[in-house]
Every structure is written in C-alpha cells, then in structure tokens.
Amino acid sequence: MTNENLNVINLPDVPQEEFEKHPKRFLNKKLIAKTLFMLPLLIGVIVMVFFVDTWIAVAAGSLWLLLLILVLFLAYKEYFVRGYVLREKDITYRYGWLFHHEITVPFNRIQHTEVNDGPIDRAFNLCELQIYTAGGSASDLSISGLDPMVAAKLKDFISGKATRHA
Amino acid sequence: MPDLSVPNRQSPKSILVYLFKNIKGLIALGFYVLIGSRAFSNSWIVLVVAVLVGFSVFISPILKYYFFKFYVVDDELIIEQGVLNKERKAIPLERIQSVNINQNVAQRLLNVVAVDIETAGSKAKELEIPALERSFAQSFKDLLQEKATQVIDSNDALKNENFADQEDSSTQQPAIDVQDKRPLLQLSMVDLLKVGLTQNHLRSGGLALGIVFGFWYKIKDVVEYFYEEQLDLDYESVVAGATISLVVFVIISFCIIAVLVSMILVINKFWDYSIYKKGNYLEVNMGLLNRREVKIPINKIQILEFHSNPLRKMLGYQTARIYQAQSENNELNNITVPACTSDKMAQLQQIIFGKIPEVDQQPMHSIAWSHARLNLYIVSIFTVLPAAVFVYFEQYWLVAIPALVLLWTTYNAYKSGEHTRILKASELLTLHKGWLFPSIIITPVFKLQASEACRSIFLKRRAQSHFKFHTAGGSRGARYFNTSEVHRLKNDTNNQVIASDRYWM
C-alpha cells in the first residue's frame, strides 16, 4: 500500500471566478414555470371574487400578486448565483440566493448519474443532470437547466471518471 | 457448516414463531373489538370473521414456513418468500454490511434466533430470517461473513489495506487473540442504573404521556365499562377543585414516571451489555427481552459520536454512537455504547480509527455571537408577545419570566457557540458542538462523500458560512465560521478525498 503524505495546503482551490453559468433560457423557463405554478392559486382568488366580499377578494388578490413578485424575484436572483465548475477530479455546484450552498463532490465518490427532463424543460431545450452519491439525498447533486448536449457530455465524462474508481 | 448452494428452510420452529406473532396480533385485535363494540349482534358475521382469522392465524405460519427459502448463488444471497405475493430478494454478498442475531422472548422460549442481514444503500434493507437454530445461525452468519470478505478481497478496488487494519496488520496476529477474551466494555447493574438516571427524562416522560393520552379514551371506556358502579367520578368537579397541591402532585408524579420509564427502557435495552473487538469486527451483545448480537465491520464505520449532558458529566462518562453506512429511510442504523469513561472513549477511537485525533493543529472556532444572535431572533418571537400581554394587563413582575427565558437561552446559545469548533488532524475531522449537551463527532476525512459550504443571505455581509459534510453514514455540520476558513477546510477535505484511493464503504 502506498499512501504518500500530501501537503493539502499546496493543492488547488476551487476557482471562484470560473463558475459555468446556465444558458439564459433557463431563467425564462424558471420564471414561466414559477408563474404557472402560481396559477392554481390565482384561480382560487378569482373564484373568491364571486362568493365573498369584494374587499377580502381584493386583499387575497394583492397577496397573490405580492407572492408572485416575491417568487419571481427569488428565481431571478437565484439564476445569477447558480453555476458549476468541472475540474479534473471533482465537480462543484453552487445554488441559492437566500440560502446559498456550495457543494463539492469528488468523482471517486459518485455512485451513478442520470439525465432527466420534464415537459417544460423540453419546451426550452433544457435538462437536468442528477448525480448520486452514497451519502444519501443530502449530498446528491441535481444540476438543473443544462443544455442537453452539455448534460450528455458531462454525464459521459463523470461516469467515465466514476467507473475508473469503482 | 450449512450447505448454502441448495435452498434451505428455516427451523420448523419458525411455524411457532409466526404463530406467536399472529396470536400477539390477535390479542391486540381482540382488545380493539372489546373496546370498539360491545355487542356483535349478527352472529353470522362473527362466524365468518372467526373462520378467516383462524385460518390466517393457524394456517399461514405453515405456508410461510414452507415458502421461505434462502440460498447462495454466484456471490448472491437469495431469499424467496411469500404465499400469494412471491418475493425473491437477491443481495450481492459484498453489499452485506453486517449479519446480526436477534432474539425476542418467543424466540428465546423456542431456543431459536433471528438472523438480520443489513446492507448499505440497497432498498432491500429489511432482510430477516426469523427462526434458525442457534448453531445453524452461527455458522450461517460466519459463512456469510467469510464469503463476503472473500468477494471483497478478490475485488480489485481492495488491493489496498483497510484503514483500521493498518495497526493490526503491522503488529503480530496473536495480539488480537489475547484482546478477544476481554470485553472492551461490560455494564453492571450499577452502570445500568447510572445510564438510566442520566437519560433524557423529558423525552421518556413525553413518551409516557403520549401513550397515556393516545389511549386515554379507550382506557376510560374500559374502566367505566367494568367499574361503572364502584367508580362514581365526576371529572368536572375534579378539574374545578384543582389546586396548587394538585399541580405539584402532577408534576412530581410526571417526574417519577419519566425517570422510571427511562430506567425501564435502559435496562431493557442494555441488559447484560458487552462489546468486544474480534479481528476486524466490533461485536455488541445486549438486551433483556429482545437479545441483540450485532457485529460491525470496523472498516465500515463512518462516524463516531460522543454525547453527554450535565448529569453524565458529573458521573464522568459519555455515550458513544457508532454509525455505519446506511440505506435510505433508515436513520436507526447506529450502535450505542453507553457509559463510556474517558479511557474507554480513547480505546474506542484507537480501535476504530487506529489513532486518537491529535490536537497539534489550531482548531477552527465558531463565532459565538452569531449563535446568540440567531437564538435572540427566534426566541424573541415567542417571548415578546407574552411580555406585551403582561405589560398590557399591568402585571409588570411577570415580564421577568419571558425576559429570563430570553436571556438564559441566549446565554446558552452563546456558550454553545463558544464550544463549537472543528479540528482537522491529518486524517480525522472532529466536530465539537454544544455546551450543556456537548457532542463530539469524529469521521475519517477519506470517508466523506461531499463537502459543503452554505450560508444565508444575512450571513453574506458578515462573511460567515456553515460547514457541512456528507458521509455514507449521514450528514453532519457546524455553523457560523469565517467564510474563508470554511472554504479552506472544504478544499482541504475535498483534496484529501480525491487523493485517497482507499475503500471507504
């Protein structure tokens, strides 16, 4: 067995400047998806207009609008912090504006990968890369909003690296 | 040695084990019927139900026994079971984490044991063979373990030695055999009482209360049904007559019941506790009603934790928890080592990690004020309102209560923040957390699955972050450090994982 002492201080850091951004259409997709998600609530509000006092309906309506603006604002802000760095031996992903996370998964700890896409994703020509580790759902990475070409390449690259270690 | 290549059945006594289980279920059912409806008017329905129940209680064990088979084919353990729904589970031998032996009361009466096979990460976690002859179970267990190690040894990924073995393989083999005879830890009755006394009584009391409240109406029904004449209680007058003395009485009885429940739970769980190191395994035996024999491969241990509380600190011991790689939805895959004195703690670390974390490196300290601030924000929400109510009704002295609660919890949070730190010795990552209820979390760096830095938008301005790591045994983390330090630690650990090619699960 060889196990040389490495001076970890000399090993490279995660480069903070080189985070790969998601395509711009991911932002559009997110905004539209969020709006669609809020629509059922709006229907509820409209129904209220017919059945209850106007002022309650108005209050509910403005509450809905406020919520929508908040959700869209968060989605907008979030888009600009989202990004990934692919390095020779690991992948780092960061996401979240209100609650920011930056998580690094080395390839030799990856169990398997998969590419998913939903109907809205397909409409925008996007897909999601799911990376599974043995650490349970908490350490699984799901990189959403990737170009299918990029996602396929990433998947090949990562699973190639992962099998070498397995 | 059992021949595993042909399908094996359990001991025929398993029919009785299944029968016991069914009868237990029947008693519960009967209880509910008794409570639920006092009169089954239609005797025809009763007859049908009785036949159905009788059939399932007495016939199904025989069918279950007949259809339950297990065998090994091509490095896979295969279990077939099920009468109507045929089920065939196959587990690759190298996935087997540990093979444990359990024995509940019925099984003990019949002198059979249940073999419980644990795997990591697979969905087929619940693998139990409920009734095997003791000797057969023992050899079956040994055989499985032996086969599993053979498979792993032939595996390419394992050309390098296991982490924990380093020390052992360098020292001569007989030394281990000498160690075998002596248990690492054994609990006497006094130890059990000590452990019981220092449990979390609030939780035990809550458990007892929950059970009482959950069954209150049922209990009341039954009591009234049988003792209606003798018992002429008027609940309203009792409540109306509630006095300070009654409140005190209730509180005292709650405390006594809580302590008693803790005691009973602890004695039942840890009765005749012993932990041994045998070769590359830790072997734990415990239990009064349900005997458990657990074997943990040392190299599969992911996290070792020590927990304490003020009472335990006074008695000079801590509780250790050992976490293995776990499958999803299975939070309970840990082994508790109660009543660890500090030298036992050191011994445990020595055995599991081959070393004790050195303290030569400067620890990374948490920012205590941030812990206090968060507590202040959260507790304020709950204390400001009562305080305002007291002020409104001009009961100024009562304001002291929420104020004290706020002050005390904030002080607590500050102190626990002060005690929160991360130590990274060359190969081990150690998290110290908490003040009154301190815990120490130790994991080998190369076992990390991923490392994470996170923060909220409010912490961004202060340049603070939390650190989190994920292992196959679960995720742990500590809060409020300087962002730059967190990122350095994250890089360090990550690079170390990349550089390591040891087998980590």
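Note that Cβ sites are derived from N, Cα and C of the backbone, with glycine treated the same way.
Copied over from TrEMBL, here are the features:
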- B:15-35: transmembrane segment (TRANSMEM)
- B:41-63: transmembrane segment (TRANSMEM)
- B:65-143: domain 'YdbS-like PH' (DOMAIN)
- B:239-267: transmembrane segment (TRANSMEM)
- B:273-350: domain 'YdbS-like PH' (DOMAIN)
- B:374-391: transmembrane segment (TRANSMEM)
- B:397-414: transmembrane segment (TRANSMEM)
**Request:** Write out how many residues of the domain 'YdbS-like PH' (B:273-350) are helix, how many strand and how many coil, based on DSSP.
**Result:** 18 helix, 39 strand, 21 coil
**Request:** State the non-local partners of the transmembrane segment (B:397-414) in its own chain: residues 6+ outside its ends, Cβ under 8 Å from one of its Cβ atoms.
**Result:** 368-369, 371-372, 374-376, 379-380, 383-384, 386-387, 390-391, 435-436
**Prompt:** How many of the residues that make up the domain 'YdbS-like PH' (B:65-143) does DSSP mark as helix, as strand and as coil?
**Reply:** 22 helix, 40 strand, 17 coil
**Item:** Beyond the flanks of the transmembrane segment (B:41-63) by 6 or more, those residues with Cβ under 8 Å of it
**Value:** 14-19, 22-23, 26, 29, 83
**Request:** Report the mean pLDDT of the predicted model across the domain 'YdbS-like PH' (B:65-143), rounded to a whole number.
**Result:** 80
